[in-house]
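What follows is a single structure, written as C-alpha cells, with notes after it.
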Amino acid sequence: MHYQQLAFLFLIQSIPSVYGESCPSFWKDIAIDLSSNFLENGECNGRARQAIRFGFHDAFAWTAQTGGGADGSLLLNAEEITREENSNMQDYRTFLIDKRTSYQNQYGQVGAADLIQFAAQVAVRTCPGGPRVKTVLGRIDSSNAGPPGHFNRGYGDTATQAAILENWKSKGFNAKDVAALLGSHTVSRATIQQPEGIPVGGEQDATPGRWDTEYFKDTLNPPENVWPLQSDRNCAVKGTEVGDWFQSFIDNAGSWDAAYTDAAYRLSLVGVSNEFSAGFIDCTDALPGGASARMIRSAPVNGRIR
C-alpha cells in the first residue's frame, strides 16, 4: 500500500468515533435547542446573527503557511476572542461554551469546531427564508489561536473592493462568492459605532430579522434607518467584479441562495483538506426545517431553487 493511501486511512480513522458512519440523532436535538435560542417573535435574533458571524470568524483566520481555519480556536483560545474583530462576540462565545458543556454531558464528545459551524448553519436556517447549507462534521479541534490580521474593516483602507477581493481570493473564493456571502448582512446590525455615523445596532437592510434579498437593494438605495457599510457599498458598484454579481442577486432569491449555500459550505471547511473532509459525515438533515417552506410555495416559480 502506498504511503499516501496509508496517510489517507489514518486521517479517516482520526475522526472522532462518536460521529460513526452516519449523523448521530442527537445533532437534531442540538439543532432544536440552538434554534430555540435563535428565534424571537418569528424572526432571527441577535444571537443568530452572532452565530453566523462566529462561524465566519473561526474559519476565515487561515493561510496555507500558518494554518488556522475552521478548527474551533475561536471557542477554545482565550486570546483570539479578545482581538478587535472578535471582542464583541464574547457573550456568544460564553453562550456556546456553556451549550457545548451541556451537550457533552448529555451526548459525549461534541467537537468545538463542528459545533461552531453547525450552529452557524442552524442560525441561517432558523431565519425566516434562510436556506439549508450542506453541513458536515468531523473537524479536528485546535486551541492554537488563528493567525491575526485576516479581516477587512467595514470602513477605511481595507474596505475597498480590491482589498476585500484579494483577501477572499487568497482563501480560494471568487467575486461571486464574495457577493453571495455579503448577502448574510441581510440579518446584520452594526456591532460598533462606525466613523461614517452608523450607530451601534444600525441595520444593513430594512428586514434584519428575515433572510431575503432586501439587503442587495437597500445597500444601493438605503431607506430611512438603514445603514449600509462602506465596504458593502464599495462591493456593490456596477461594472466591477463583485458589483455585477451583487446586483444580479436583487430580487433573485433562487440565484442568491444557490450561490450562498455553495460558498458558505466551502467557507465552513477553510483549512480542511479535501482528502480529510471526504471522510466527514453529512448532518445537513439535522438542521431545522426552517421558516421558509410557506415562502417557497408562495414564491414565483422562477425564483425557487430546484
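Here, residue 1 is simply the first one shown, and the rest follow in order.
For all residues, glycine too, the Cβ spot is worked out from N, Cα and C.
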Subject >> TrEMBL annotation, disulfide partner of Cys44 among Cys23, Cys127 >> reply: Cys127
Original post:
For the Ca(2+) 2 site that TrEMBL assigns to Asp205, Thr207, Asp212, which of the candidates Thr186, Thr191 is also assigned?
Top reply: Thr186
Original post:
Do you know the DSSP helix, strand and coil residue counts for the domain 'Plant heme peroxidase family profile' (52-190)?
Top reply: 77 helix, 7 strand, 55 coil
**OP:** Might you list, by sequence position, any residue in that chain lying six or more from Asp58 (Ca(2+) 1 binding site) with a Cβ less than 8 Å away from its Cβ?
**Re:** Ala70, Asp71, Gly72, Ser73, Leu74, Leu75, Ala113, Ile116, Gln117, Gly146
Subject >> Residues flanking the Ca(2+) 1 site, with Cβ no more than 8 Å from the Cβ centroid of Asp58, Gly69, Asp71, Ser73 and excluding those residues themselves >> reply: Ala59, Ala61, Trp62, Gly68, Ala70, Gly72, Leu74, Ala113, Ile116, Ser142, Gly146, Gly271
Original post:
Rounded to an integer, what is the Cα-Cα distance in Å between Gly69 (Ca(2+) 1 binding site) and His57 (active site, proton acceptor)?
Top reply: 9
Subject >> Cβ-centroid neighbourhood (8 Å) of the Ca(2+) 2 site, Thr186, Asp205, Thr207, Asp212 excluded >> reply: Val187, Ala206, Pro208, Arg210, Trp211, Thr213, Glu214, Tyr215, Asp218
**OP:** Determine, from DSSP, whether Cys44 (disulfide bond) sits in helix, strand or coil.
**Re:** strand
